[in-house]
Amino acid sequence: MREPAPRVARLDPLQPELAWKSALQLTGRDQPHSWEDLQCWEGNDLLFGTLRQDEDWATRSDADKPALEQATEAAFRAMFRCLDAKGYPHLVRVWSYLPRINVLEAGLERYRQFNIGRQTAFAASGRSLTDALPAASALGGREDGLRLGFLASRDPACSLENPRQVSAYCYPKAYGPRSPTFARAALMTQADMACLFISGTAAIMGHRSLHPGDASTQTRETIINLQAVIAEANRIQGAQAFFAERLEYLIYVRHATDLDAVAAELETWLPGHRRWHFMQADICRRELLVEIEAIGPTRHRGPSA
């Protein structure tokens, strides 16, 4: 008899620690220290950090810009200052949580405002908008304030793309004035270990969303995209290093009523897998009902000769 599907947990942007847990553990540190308004953990040549930026903070520099755009730019600039000051210049993974992500404000959807602020901060901080980009997720939560979690390293990671999809940073203007600044995955290697961070992944092929209104079919399409990214990571590694059944997954479900359908598709894909974590959240495109991210370490064997 199949076990009942896990209960959906409501995503709270003030408590997104479940999404960060595996990345934080890579530092091997339990206690944080402060840097400006950030909380940081350092260890194993990695830095994990968190920060929150309120949209109504008192030092807005441009009254003509939407508050979320300004808050996003300020948060990412602070993150980059921290990385540069502490000697971890290579951003590997970012998690972003913002309220009302699909709401139209000041004539523009809030997620698109977020993308403007993020890209502005990347450019202002001397980061490329197309190369060496981090894996990332951006989800909508219920509480006010932008919350970031991030992992950075002293050495560069390898950014990966999905052959089935247009790179997010190449999206056409139909998706907003500025394209999203992230890679489909990041592959980080240290000594004899490698870790794969798969960005939030959904039912997108090329740059178009597929199967609107159908959570089951969207989940199946998302699985195909996850498999494509895993295959790309193995191609870069030059070996069969990463396996779907060994990864840990965080599944964001827009509507709690879709949980059973989503969980059933995942069970069909990986029967008996128990490293699923479900959260209820709004997805960056209003027509998308499910998004899945993944993380998993493996022994690093490097490219074949």
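For all residues, glycine too, the Cβ spot is worked out from N, Cα and C.
These numbers come from a predicted model, not from an experiment.
Over in TrEMBL, the protein carries these features:
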- 36-152: domain 'Chorismatase FkbO/Hyg5-like N-terminal' (DOMAIN)
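Regional average pLDDT for the domain 'Chorismatase FkbO/Hyg5-like N-terminal' (36-152) in the model is 93. When DSSP labels each residue, the domain 'Chorismatase FkbO/Hyg5-like N-terminal' (36-152) comes out as 35 helix, 42 strand, 40 coil, counted as helix, strand and coil in that order.
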